[in-house]
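Trainee: One structure is given below, represented as structure tokens, and several questions about it will come after.
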Amino acid sequence: MYVSIVTMPVANLRNLWCGSHGKNFTFIAKRYATTHSTRGYRIWTSRQARWSTKSSQKPSLEPVEGLFGSTSADSGTVPLSRLWKPFVFTIAFSGASLAGAAIWQYENLRQRAINSMRLPLNWAQERSIMPKKGKWRQELNKWWSNLSEGERLFFPLCFVNCLVFLAWRVPSFQNFMVRYFCSNPASRALCWPMVLSTFSHYSAFHLFANMYVLHSFSTGAVASLGKEQFLGLYLSAGVISSMASYVYKALTSQPGLSLGASGAIMAVLGYVCTQYPDTRLSIIFLPVLSFTAGSAIKVIMALDATGVLLGWKFFDHAAHLGGALCGIAWCYWGNAYIWQKREPLLHWWHELRSSAPTK
């Protein structure tokens, strides 16, 4: 799920707290389970830098001690007026993600129709093709063909998250990772980190927990939405949850770093639990204790709402709420009023690709 690093000014404290903080609420729903992890990393700095009104209001750099040496993190109070650019980016990126997902679905359906028309020829060709050389390739192809649509989408996402996690382990990458793979409203880089941070994890435990949740719910969500719509929602929710975190940090004057996939995954949980509220869930270590998916998402959101109202610093509750509300809103309105209204876009794309010269 979505992980965050929040920068808080504390006297004489400059250590990077890099553990995964928080309890995991792990549920099993029929064929899948979920672990509710959270944005749980915080970077604490010794002092809070003020915005310089005479130098274009640029944030200052605060040194932060990390696992692999000293890194720099932008710090300072964040006025709401500075969030207009991330707000526009959130709308643009979400729209582009959903539009790209719709075009991807169009291309998949078109290719499927073409293949069905060529079925006899393909069947004859496949009969004449020799099996792939190498036992490991045969086993890999067999494993991949047996995966569900949700799992085929999950493994590439997991692979990207693992690559970013390994990048955190390279000491020379630390400053780059902090700047571009952690969303921070006080940073000079405001927009793209809102996306890149959703693939970023600093702790192995947090990576495992988030990927476990994503794997657990991806099959059910993709079966309901389709892989294209699921990916569009996942990417959009990641940016929207980052924007929610930005707003909360600006309102409470607590800028800081955020990373992880929990905002996007909370959208998946919100959608699945709203779409199938009567599904029975249970805690993974207490299978005898079961409850409905509708009750589970209500409890999780109530905890996050309490954290926002009381100013709890253990997790980035604002990002969780932003992601969950995005998934719930998509279940009630997004599919009907956005996804089902994509015909003009697809018509434009069809005309565009039809008018393109063929080779």
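Placement of Cβ uses the backbone N, Cα and C atoms for every residue, glycine included.
Just lifted these from TrEMBL, have a look:
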{"type": "DOMAIN", "residues": "191-332", "note": "domain 'Peptidase S54 rhomboid'"}
{"type": "TRANSMEM", "residues": "87-106", "note": "transmembrane segment"}
{"type": "TRANSMEM", "residues": "153-170", "note": "transmembrane segment"}
{"type": "TRANSMEM", "residues": "230-248", "note": "transmembrane segment"}
{"type": "TRANSMEM", "residues": "254-272", "note": "transmembrane segment"}
{"type": "TRANSMEM", "residues": "284-312", "note": "transmembrane segment"}
{"type": "TRANSMEM", "residues": "318-339", "note": "transmembrane segment"}
Trainee: Taking 230-248, 284-312, 318-339 as candidates, which has the most Cβ pairs under 8 Å with the transmembrane segment (254-272)?
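Mentor: Result: 318-339.
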Trainee: Please work out the mean pLDDT for the residues of the domain 'Peptidase S54 rhomboid' (191-332).
Mentor: 90
Trainee: Decide whether the stretches the transmembrane segment (318-339) and the transmembrane segment (153-170) have at least 3 CB pairs under 8 angstroms, with pairs required to be 6 or more apart in sequence.
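Mentor: Touching, no - the transmembrane segment (318-339) and the transmembrane segment (153-170) miss the threshold of 3 or more Cβ pairs under 8 Å.
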Trainee: I'm a bit unsure how to read this: which one of 153-170, 230-248, 284-312 has the highest number of Cβ pairs shorter than 8 Å with the transmembrane segment (87-106)?
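Mentor: Per the Cβ count, the answer is 230-248.
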Trainee: Would you list the DSSP helix, strand and coil counts for the residues of the domain 'Peptidase S54 rhomboid' (191-332)?
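Mentor: Reading the DSSP string over the domain 'Peptidase S54 rhomboid' (191-332) gives 103 helix, 12 strand, 27 coil.
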